[in-house]
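Peer 1: I'd like to ask some things about the structure below.
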Amino acid sequence: MDSKESLAPPGRDEVPSSLLGRGRGSVMDLYKTLRGGATVKVSASSPSVAAASQADSKQQRILLDFSKGSASNAQQQQQQQQQQQQQQQQQPQPDLSKAVSLSMGLYMGETETKVMGNDLGYPQQGQLGLSSGETDFRLLEESIANLNRSTSRPENPKSSTPAAGCATPTEKEFPQTHSDPSSEQQNRKSQPGTNGGSVKLYTTDQSTFDILQDLEFSAGSPGKETNESPWRSDLLIDENLLSPLAGEDDPFLLEGDVNEDCKPLILPDTKPKIQDTGDTILSSPSSVALPQVKTEKDDFIELCTPGVIKQEKLGPVYCQASFSGTNIIGNKMSAISVHGVSTSGGQMYHYDMNTASLSQQQDQKPVFNVIPPIPVGSENWNRCQGSGEDNLTSLGAMNFAGRSVFSNGYSSPGMRPDVSSPPSSSSTATGPPPKLCLVCSDEASGCHYGVLTCGSCKVFFKRAVEGQHNYLCAGRNDCIIDKIRRKNCPACRYRKCLQAGMNLEARKTKKKIKGIQQATAGVSQDTSENANKTIVPAALPQLTPTLVSLLEVIEPEVLYAGYDSSVPDSAWRIMTTLNMLGGRQVIAAVKWAKAIPGFRNLHLDDQMTLLQYSWMFLMAFALGWRSYRQASGNLLCFAPDLIINEQRMTLPCMYDQCKHMLFISTELQRLQVSYEEYLCMKTLLLLSSVPKEGLKSQELFDEIRMTYIKELGKAIVKREGNSSQNWQRFYQLTKLLDSMHDVVENLLSYCFQTFLDKSMSIEFPEMLAEIITNQIPKYSNGNIKKLLFHQK
């Protein structure tokens with residue numbers, strides 16, 4: 001029997017072979033055959049059995065596995081075998097090598113066979129090889145019968161087609177089974193990808209594949225179902241897939257719009273899709289969506305991969321959340337809300353689905369697509385960054401009504417403990433920034449003593465002023481005062497309080513002014529003629545810090561001499577102790593001078609020269625002040641543990657020097673010099689002697705000196721008030737400053753003598769010895785110019 005006659009029974013329409021393949025033989029449409037499609041006409045150029053036997057060496061054998069795709073009971077199997085034996089005895093044996101080869105999905109025209117379905121990820125069954133002598137199919141029938149005995153009938157019967165690449169049973173191997181043609185045709189029309197026509201390959205009594213209608217297969221994925229069924233009803237969608245020469249275009253590339261969303265393949269065990277309205281699309285087992293791959297006009301292919309963003313190098317593109325065709329700004333009911341992604345500006349966004357049913361799925365990923373640069377892209381990007389019109393909100397600020405709850409259970413991203421608000425919006429949300437303390441930069445609690453300060457600096461300033469503490473900085477009077485280090489150096493903190501303008505009398509003055517205003521208001525109500533008159537205080541205290549206030553802060557503390565009074569006194573031991581004490585006092589004087597406002601602006605050489613010329617002035621005047629304050633000018637208080645009384649003054653070489661020093665304390669006692677006056681006079685003594693050739697910064701020096709002369713006048717006015725005795729007192733104080741030159745000259749002459757006379761064996765500290773060594777030549781040459789207030 002000819003192969004054409006076996007494949008094309010009488011009374012059936014034939015389909016031209018040009019629809020299936022061109023040029024190189026034909027391939028049987030396995031998909032249509034299983035669905036009852038059109039008959040296939042095999043051309044005469046098909047390879048013969050001999051050709052198939054010659055290609056046996058290049059092909060591998062295949063094991064046909066129907067155990068997971070079909071099942072029947074033992075009784076039906078026996079009936080099938082009996083019917084097959086009867087048909088073989090009654091009818092002559094046809095040459096079905098070509099038909100069987102084609103029905104198994106093998107292209108016998110080429111040695112390289114192509115098994116359909118491997119590109120889609122389905123399990124490959126292998127390749128079929130036919131030997132030249134295997135024209136009898138009894139072994140095949142026995143293997144199929146044995147496999148059918150071991151299989152069981154699965155539940156939920158549904159019609160499906162075998163996977164491409166698996167061999168299909170022939171007419172001799174299965175009995176004929178009758179079915180309803182109308183229902184069968186209706187089922188074919190309802191399935192996507194089928195022929196859907198009324199043309200059948202065989203008649204009812206000659207149909208080879210009607211047995212498939214009685215077989216029940218699972219419609220699920222082979223890898224996901226328990227039975228691992230390889231039969232799929234919707235594997236081959238396009239009929240051109242069976243022919244490699246059907247068209248020039250790649251059958252796997254489908255047309256799609258640029259802005260169309262690319263949906264991933266959703267299997268039965270994966271999460272559902274989301275519609276534009278936020279509803280869940282439930283995928284049925286019979287309609288399993290295949291992965292779609294779209295082609296565009298650009299030179300790249302956009303693949304749909306869940307949770308993966310494809311980035312291109314050819315142009316500026318950006319990632320946009322997929323909203324199923326809706327605009328990211330125009331449609332407020334978008335499917336994805338963005339919040340929780342950290343950016344470089346400190347803002348945080350998170351990605352959540354706008355569906356209440358998906359809020360419980362923590363691992364749900366949004367679908368993204370790569371959008372090529374379009375004219376609207378820059379506008380959307382600017383809107384996402386917060387620019388644009390006021391009625392448009394950014395992604396981070398979107399709060400849709402359809403989103404009932406976020407994936408983490410918080411109703412808004414602001415309630416998340418791990419989400420911090422942007423720094424730029426903190427000030428606008430909480431109002432103006434808090435006011436800071438002008439001393440330590442802490443948060444200010446109010447205006448205290450005329451300055452906006454915190455409570456800690458307020459208490460510190462009050463205690464420092466009322467306690468009359470003489471703080472001394474251990475550094476260079478430039479310590480950093482902030483919230484953390486404000487307690488390290490009280491001297492620098494007190495100085496900064498004065499620089500900020502804190503004044504203890506500001507609070508009292510404020511109360512006085514308030515009381516005066518209340519009294520004025522009461523008097524104005526009683527007498528109408530005084531209603532237009534206002535009472536103004538005579539002089540308001542200056543709230544800005546004065547130089548005298550700064551001088552109070554930087555005043556050095558009193559040093560101890562470490563003299564042992566239990567040991568009998570001697571002139572040598574007292575003078576040696578005084579020299580050691582003088583060396584430490586010189587060091588403190590250097591620190592004090594550098595802290596004087598304006599002194600460090602001078603040239604460094606000028607600073608050293610002024611200190612070398614004035615060190616004895618500073619020590620003698622400070623000694624007179626301590627003696628005046630502690631002993632009323634009758635004793636010399638060098639240190640709290642070293643006081644020169646009348647008995648010690650009688651020691652050899654002590655009386656003449658003590659007499660000059662007592663003169664200073666006596667004058668201070670007579671004039672009743674105040675502390676502010678003393679500070680200004682001490683600063684002027686630092687600036688009382690200069691070289692004859694002048695200083696390198698002479699103009700600045702004269703300006704600084706004149707400034708402190710005016711400060712001395714202010715201190716006098718503060719002490720005496722507005723009286724005619726101010727100029728007289730100024731004359732007396734400046735006269736005392738001029739007399740200091742004579743006292744210091746006598747003290748220096750004795751100091752130089754003891755320093756040069758090695759027989760006296762009086763020790764000098766290193767720093768003091770260096771100063772004396774540098775100063776002796778200048779005094780001997782007369783290279784010193786005295787700055788006097790009055791002429792002799």
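For all residues, glycine too, the Cβ spot is worked out from N, Cα and C.
Dumping what Swiss-Prot says about this protein:
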- 1-15: compositional bias 'Basic and acidic residues' (COMPBIAS)
- Arg24: omega-N-methylarginine (MOD_RES)
- 75-94: compositional bias 'Low complexity' (COMPBIAS)
- 148-162: compositional bias 'Polar residues' (COMPBIAS)
- 176-193: compositional bias 'Polar residues' (COMPBIAS)
- Lys294: SUMO2 cross-link (CROSSLNK)
- Lys310: SUMO2 cross-link (CROSSLNK)
- Lys435: ubiquitin cross-link (CROSSLNK)
- Lys496: N6-acetyllysine (MOD_RES)
- 503-538: region 'Hinge' (REGION)
- Lys508: N6-acetyllysine (MOD_RES)
- Lys510: N6-acetyllysine (MOD_RES)
- Lys511: N6-acetyllysine (MOD_RES)
Peer 1: Around the residue listed as 'ubiquitin cross-link', which residues of its chain at least 6 apart sit with Cβ under 8 Å of its Cβ?
Peer 2: Glu443, Ala444, Leu452
Peer 1: Using Cβ-Cβ distances, find the residues under 8 Å from Lys496 (N6-acetyllysine) that belong to the same chain and are at least 6 apart in sequence, listing them in sequence order.
Peer 2: Val439, Ile481
Peer 1: Tell me whether the residue listed as 'ubiquitin cross-link' sits in a helix, a strand or coil according to DSSP.
Peer 2: coil
Peer 1: What is the pLDDT of the region 'Hinge' (503-538) when averaged and given as a whole number?
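Peer 2: So the average pLDDT across the region 'Hinge' (503-538) works out to 57.
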